[in-house]
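Right, one structure below, let's go through it.
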Amino acid sequence: MSPQKALLTAAALLTAANAREITFPPVSGVQQPVGASYGNGVGNMGFGFGDDPLDLSNSQFAGLTTYANLPYVHCLANTTATGGEVESYDIAILGAPFDTGVTARPGARYGPIGIRQGSRRIGPFAYNIYTGKNAFSTLKVVDCGDAPLTVLDNTIALAQLDKAHRVVSARKADSDVASVPRIITLGGDHTTTLSALRSTVDHWGAVSVIHFDSHIDTWDPKVLGGGVSHYAGVNHGTFLHLAHEEGLLLNSSIHAGIRAPVGNKHYDLRHDKACGFDIIKARDIDRFGTQKIIDHLLERTNGTSVYISVDIDVLDPAFAPATGTAEVGGWSTRELLTILDGLSGIHIIGGDVVEVAPIYDNPGETTTLAAAEVVHSLIQLMADTPVKPTKN
Ligand SMILES: [Mn+2]
């Protein structure tokens with residue numbers, strides 16, 4: 001190597017060594033870190049930085065994954081770890097990891113964690129572009145984690161879930177405008193809704209259920225499962241029959257999005273009516289549009305307390321492939337969200353999103369993103385209408 005070449009090589013090495021200290025030039029137009037306060041006291045976009053880029057205390061995508069990055073509260077505890085009172089809340093997100101009541105593909109026991117995963121971009125900074133509202137600004141919403149449910153015995157698991165609902169809803173609400181906390185359950189297969197209704201009856205008596213689903217779920221255990229054993233008759237296709245039998249439902253209930261076939265067109269539909277339900281079929285949206293569907297749901301349940309249960313299979317499998325009993329020909333995510341948001345003002349006392357089985361989802365998380373946004377809409381409906389119990 002010539003002395004001249006050696007000198008050039010040394011200079012290149014020196015440059016390489018110096019290049020390890022990288023100083024980026026200032027980015028034109030950015031006056032403060034992304035996500036910093038707008039300077040007029042109105043929030044930020046939740047990317048985790050205030051004026052100090054090393055302030056790690058407000059990061060959106062760090063820490064453990066709760067629904068919409070909400071604070072975690074151990075709502076099932078008797079006291080806090082230090083013996084204090086459990087933190088109060090108005091709306092509790094509660095996971096129900098149970099999927100041994102299904103008649104088709106299992107996997108919804110991972111629904112709660114999947115929905116939380118799909119909710120990472122939802123948070124207190126978000127104002128709805130259609131309504132201008134922020135679902136988290138008036139009532140205190142927390143994530144209680146999942147109820148501990150055994151996977152080995154359905155009877156015990158459902159008793160555990162019954163108890164979890166009673167404990168979580170028995171606390172005094174945080175706000176004085178809503179004296180009983182309301183629960184939004186992340187299912188879990190649809191059997192889990194039965195536990196929720198067994199708890200809401202303690203505070204609000206029998207309720208109307210708005211049941212978004214492709215299936216009617218009022219099947220008589222005699223025709224679905226009960227022929228196998230008494231125990232097998234309690235499943236995700238019979239829970240509404242059982243809720244009716246237990247006196248938890250008003251006869252102003254209604255299904256929305258139905259399209260799956262029934263086993264016996266006379267008996268099943270007559271029985272469905274006897275359980276208190278009217279039916280909006282999936283294709284009704286083509287004839288009437290979303291507004292007529294909203295109007296019908298509001299008319300049907302007018303003057304009653306309402307529980308809203310959303311089986312994610314109400315959506316077409318194009319929008320929600322990750323579910324146990326997919327039925328083609330369903331609604332789009334946009335149509336469902338339009339209908340849900342259109343129910344603003346309804347006396348909603350509880351709700352759930354069930355049958356999300358993340359194992360069948362795609363890398364784009366299509367189903368869990370949709371389910372997370374449905375939960376967001378349910379929270380907004382609760383925030384729109386604070387309720388007081390009609391019993392106790
Ligand atoms: Mn269902």
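Keep in mind that glycine also has a Cβ here, set from the backbone N, Cα and C atoms.
Just so you know, TrEMBL annotations are computer predictions that nobody has curated.
Sequence annotations record features per position, and here TrEMBL assigns Mn(2+) binding site to His190, Asp213, His215, Asp217, Asp311, Asp313. Within 10 Å of the Cβ of Asp217 (Mn(2+) binding site) there are 28 other Cβ atoms, across all protein chains.
What TrEMBL records for 1-19 is signal peptide.
In the three-state DSSP scheme, Asp311 (Mn(2+) binding site) falls into the strand class. In sequence order, His190, His211, Phe212, Asp213, Ser214, His215, Asp217, Thr323, Val354, Glu355 are the residues of the chain that are 6 or more apart from Asp311 (Mn(2+) binding site) and have a CB within less than 8 Å of its CB.
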